[in-house]
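S.K.: Here it is: the structure, laid out below.
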């Protein structure tokens, strides 16, 4: 079970990390400016409320006059209306910015993922990619929009409140100015402690979720292995860690809130005592004291908000870095600029410039080693595969049978040498040109969420309904559809989980038939399939093999006797090649594999 952390423990702000996302902000600079402007208006109107309070106390209460009461009411109502309107506008802008930046990030990431090489998906966990695409983009959009709101409101209010207090009374303002930095330091300290504890909570929660997931999905295995007690002990350990982290968070909150309340109350009490003394001596008016106390009480909230926003930005920094790292990830296989100009790319193909493909493939002095490997898998390898040739690749499990196919399909490229398609280096044409001419039937075929018909149609998006049905009938998918209530319109479920492995293979082969590829790749299934379905699958494969260059990654050697070329792989290297007859006559490694498997199949037949 793999767990994914929300962050990696940043302790300071790195502006450069955030600037990498600048291009996603620029399209919405007017709305971001609108957020800032209307946020400033909101803060200024908020700052004016204590001044209205001062005027009302000094004139309508202390002096007992009603002069200009109507003007006061109008002005006060206007201030409230302006503040409410500006809140409405900046909130709408913030929602739009949050939504669009998140959407743009997701679109950019998804587009980029389409262009990354297959090797990236072989080495990167699905959970990691999903977290970057969904969770991280939402958090970044939210922080940019609402973090901006919090920062500008807090800064404007703190500066404005200090300025107003200095104008009202310098001595009282100095009392508050001593307490505010102290509260900012305390808040920042506790926020960092809470951030650290929150990270631990998320980590433990991830493990807890993983154990629940394993407990549910692996229930049958757990019971058959009788390891309930072991699983329970592991769960208790993680649950105890969760309890400890939760208690620490509760203790921090329980300590932080009283400290903040205490300092805020002490500051207000000092201002009230000192201000009351000055008011009794007619040094300041009662209204001034009233306004001052309002500022003194209200100034602490934006200070706390600034500290919280700062720690939130630090916490999110790792998410930003992971998103930018993903967007900066270069594909292992990349078409040259001149090739893209002629053939287009994966997103915008220029099919009008694509040549027809016959399927003649030649490995010319090919040397290859995997990007993360040190040993050369192929060394000066030469092989000519004429168009229409059936090539079988055999070897024990883990021997490296997929290497040759991955090179031919350009999922990897030679370290040295070249691979020619119809006499031309395949790097002189686009990846999409080649991949559009390849039909691939996997050992465990993947079906997309949707109907049976949809999954076949993906083989050729320009195909008519009649062509889809014809492809399905060639490989007897109609026998699968007929058993279901909605026929070809039946949902296959996520990944095709509503169908058996054999049924998924039939649909996958029908999809390949509809694509009508010039090159066909089959990774034989190792799982057990009923006799009737196996016959349908073999009929479909035989149909696809006719007149096409094909690669069969064989697991059952009895099925590839008629192959034009058999390549024998051992420890990642091709050790023998030839026809079935010639390889048997040599009595080498292939002969040993074949006779061993033949004896095993014979034994199984006897047992049956």
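Cβ atoms are placed via backbone N, Cα and C, with glycine included.
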S.K.: Identify the transmembrane segment range according to TrEMBL, selecting from 230-253, 254-277, 278-301, 302-325.
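M.R.: The listed stretch tagged transmembrane segment in TrEMBL is 254-277.
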S.K.: Can you say which of 32-52, 116-136 is given as transmembrane segment in TrEMBL?
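M.R.: So the range that TrEMBL calls transmembrane segment is 32-52.
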S.K.: Taking a Cβ cut-off under 8 Å, which residues six or more beyond the ends of the transmembrane segment (254-277) line up next to it in the same chain?
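M.R.: Residues 169, 171-172, 175-176, 179, 182-183, 186-187, 190, 194, 284, 288-289, 292-293, 296-297, 300, 304.
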S.K.: Look over the recorded stretches 32-52, 72-97, 172-190 and say which has the most C-beta pairs under 8 A to the transmembrane segment (144-166).
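M.R.: The stretch with the most close Cβ contacts to the transmembrane segment (144-166) is 32-52.
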S.K.: Any residues 6+ beyond the ends of the transmembrane segment (32-52) with a Cβ under 8 Å from its own?
M.R.: 25, 72, 75-76, 79-80, 82-83, 86-87, 89-90, 93-94, 97, 145, 148-149, 152-153, 156-157, 160-161, 164, 290-292, 294-295, 298
